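Copied over from TrEMBL, here are the features:
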| type | residues | note |
| --- | --- | --- |
| ACT_SITE | Lys13 | active site |
| ACT_SITE | Asp141 | active site |
| BINDING | Pro99, Val100, Ala101, Gly102, Gly103, Met104, Ala105, Gly106, Gly107, Ser108, Gly109 | ATP binding site |
| DOMAIN | 70-149 | domain 'GHMP kinase N-terminal' |
| DOMAIN | 205-278 | domain 'GHMP kinase C-terminal' |
Amino acid sequence: MRVTNCTVRMPAKINLCLGVGPRRRDGFHELATVFQAVDLYDKISVRQAADITLTMPGSESENLPLGDKNLAVKAAKLLRLRHGSPDMGVHIEITKKIPVAGGMAGGSGNAAGVLLACNKLWGLDLSDEQLHALALELGSDVPFMLSGGTALGFGRGEELTQLPHSGKLNWVLATNRQGLSTPRVFETFDAMGANGDVSSPDDLVQALKRPDADAVAGLLRNDLQPAALSMRPDLKNILKAGIEAGALSGLVSGSGPTCVFLVKDRRAARKVGAAVGSCMGVASALAVSGPAVPSVRINTDGE
Ligand code: C5P
């Protein structure tokens with residue numbers, strides 16, 4: 001049976017802890033992080049086509065490139081180059097819900113989704129290890145996005161250990177109208193002479209086992225936050241508003257500018273959402289939960 005089309009739903013990610021060490025000789029920083037994927041999804045549909053093309057309907061993606069600069073197109077081309085043949089093609093359609101340049105790995109998730117989907121569409125049957133190697137060539141967060149869930153990450157974030165799914169955590173995301181550039185946030189981190197803690201976040205891993213939201217709240221940490229706040233002081237008001245409205249804790253997500261708040265339950269989420277949603281610069285306040293995982297749906301021609 002030939003796969004005619006395939007649809008994947010790729011979650012957003014947040015970092016519950018982002019320990020950042022000094023810049024390495026390869027230009028990347030050593031990390032000790034806990035990733036969690038949350039249930040805010042981009043939808044990626046792929047179908048057989050003569051060449052590799054991309055469309056992105058909707059206003060979220062208005063200013064995004066559709067050609068070779070797009071990480072989703074890069075993913076399809078890399079997969080074809082390494083494991084396919086030149087006659088393979090795909091039309092990719094991405095419907096975005098995850099904010100662009102928001103520190104939630106939307107672009108990385110799109111690239112991971114294309115790897116998962118085209119692996120099925122083109123019948124390549126690559127192993128998890130092969131997909132992981134391609135993912136790392138595309139970006140530091142792409143390997144985690146292949147599996148989602150909750151994971152401990154070292155190195156650039158690619159040395160992954162999945163943590164057991166023991167229960168949901170409730171979050172509020174305050175997305176922002178204006179994005180932040182990840183390389184610039186890392187540069188600011190360097191310029192500030194910052195040097196974070198890249199030891200294994202064992203206390204957080206223990207707290208996640210239950211999961212004990214109060215204990216998790218006390219252990220959330222982002223070494224990039226001072227750099228992100230120095231570039232965008234307005235984010236301080238958003239963090240303050242969320243805490244005052246009853247969030248257990250709040251922090252900048254990844255390199256920002258999305259701010260993420262841990263809340264006790266849905267009721268608290270509504271209160272915190274209303275408070276941060278009215279802050280200047282906030283595009284939307286979204287109640288989400290984690291962990292979430294990618295889903296893959298395949299259609300065949302039935303032959
Ligand atoms: O890996 P990715 O292309 O997503 O990274 C984007 C940029 O973020 C890198 O070019 C680098 O400046 C910075 N980065 C870093 N250390 C990491 C991950 C990303 O310095 N571990």
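Here the Cβ of each residue, glycine as well, is placed from N, Cα and C on the backbone.
A map of TrEMBL features onto the structure.
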residue	record	Cβ within 10 Å
Lys13	active site	30
Pro99	ATP binding site	22
Ala101	ATP binding site	19
Gly103	ATP binding site	29
Ala105	ATP binding site	29
Gly107	ATP binding site	26
Gly109	ATP binding site	32
Asp141	active site	27
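Not one of the recorded positions listed as Lys13, Gly103, Gly109 brings a Cβ under 6 Å of any atom of ligand 1. Look at Lys13 (active site): DSSP puts it in a strand. Recorded residues Ala105 (ATP binding site) and Lys13 (active site) have their alpha carbons 6 Å apart, per Cα-Cα distance. Asp141 (active site) is 8 Å away from Gly109 (ATP binding site) when you measure Cα to Cα. For the pair formed by Asp141 (active site) and Lys13 (active site), distance between Cα atoms is given as 9 Å, rounded to the nearest Å. Between Gly107 (ATP binding site) and Lys13 (active site), the C-alpha separation comes to 11 Å.
For Lys13 (active site), the nearest of the binding-site residues Pro99, Ala101, Gly103 in terms of C-alpha separation is Gly103. Neighbours of the ATP site: apart from Pro99, Val100, Ala101, Gly102, Gly103, Met104, Ala105, Gly106, Gly107, Ser108, Gly109, residues of the same chain with C-beta atoms within 8 angstroms of the site's C-beta centroid are Ala12, Ile98.
In the three-state DSSP classification, Gly109 (ATP binding site) falls within a helix. Asp141 (active site) carries neither a helix nor a strand DSSP state and counts as coil.
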